[in-house]
Amino acid sequence: ISLAALLGNGLILSAIACDHHLHTPMHFFLLNLSLTDLGSICTTVPKAMHNSLWGTTTISYMGCVAQLFLFAFFMSAEFYLLTLMCYDRYVAICKPLHYGTLLGSRACAHMAAAAWASGFLTALLHTANTFSLPLCQGNVLGQFFCELPQILKLSCSKSYLRVVGLLSVSASLTFGCFVFMVFSYVQIFRAVLRIPSEQGRHKAFSTCLPHLAVVSLFIGTSFFAYLKLPSISSPYLDLVMSVFYSVVSPTLNPLIYSLRNKELKNAL
């Protein structure tokens with residue numbers, strides 16, 4: 001699965017970088033999304049494969065810090081990029097006459113840089129707060145990589161209130177982005193349904209449905225992994241959900257985007 005993810009995202013990066021027909025805002029954000037997918041795969045899978053091949057189950061303290069930071073960085077940046085891609089689709093369909101003004105090359109570069117910077121800041125805050133906690137429950141993680149919820153389980157129960165506060169702020173920001181995407185898609189579908197020709201509606205839907213599928217997959221698996229009820233939690237379920245949102249989702253993203261994108265398929 002990880003090799004498929006590396007190949008798929010690598011092909012998308014190469015196609016968008018080499019084909020000048022794909023130098024558009026939509027494909028620029030898709031290129032950045034593929035970078036986050038590659039980053040998240042390369043953060044978790046190599047160490048897990050090393051442990052599997054050598055029959056070990058250990059990671060150093062600094063290795064765990066780096067892994068948590070990088071994974072949080074790429075996942076946060078991916079979510080912000082998905083929000084920007086939703087804005088791109090909203091402007092393209094609901095405000096087509098202003099598309100060149102609102103999504104010029106400089107504006108796209110600034111928005112992508114803001115997404116990466118926000119992801120970096122989010123990861124830095126979470127990593128610093130998490131590893132400032134004393135660990136009272138041993139040092140054994142029930143996961144194949146250093147995942148935030150698993151580390152919090154090892155911390156002293158009275159010491160992680162500030163981390164919970166930071167998680168609440170992050171959840172509020174995430175919810176705000178989610179509400180923005182829902183509002184945007186409501187406006188998009190209303191605009192698409194007003195298009196008189198069936199061919200026009202089909203073309204509009206074909207540009208939106210891949211993004212909607214990727215967003216649903218990313219948010220659904222991530223929210224279930226982090227916000228599921230303790231009553232339905234189990235080590236096996238935690239492992240399955242972690243594999244799904246950290247490995248399977250980045251593998252499916254290139255396939256989802258390339259299936260209905262004629263320009264991208266031709267470039268590939």
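Cβ atoms here come from the backbone N, Cα and C positions, even for glycine.
These come from TrEMBL:
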SIGNAL    1-17  signal peptide
DOMAIN    8-257  domain 'G-protein coupled receptors family 1 profile'
TRANSMEM  59-82  transmembrane segment
TRANSMEM  103-125  transmembrane segment
TRANSMEM  163-186  transmembrane segment
TRANSMEM  207-227  transmembrane segment
TRANSMEM  239-259  transmembrane segment
Top Cβ-contact partner of the transmembrane segment (207-227) among 59-82, 103-125, 163-186, 239-259 (pairs under 8 Å): 239-259
Reported mean pLDDT - the domain 'G-protein coupled receptors family 1 profile' (8-257): 83
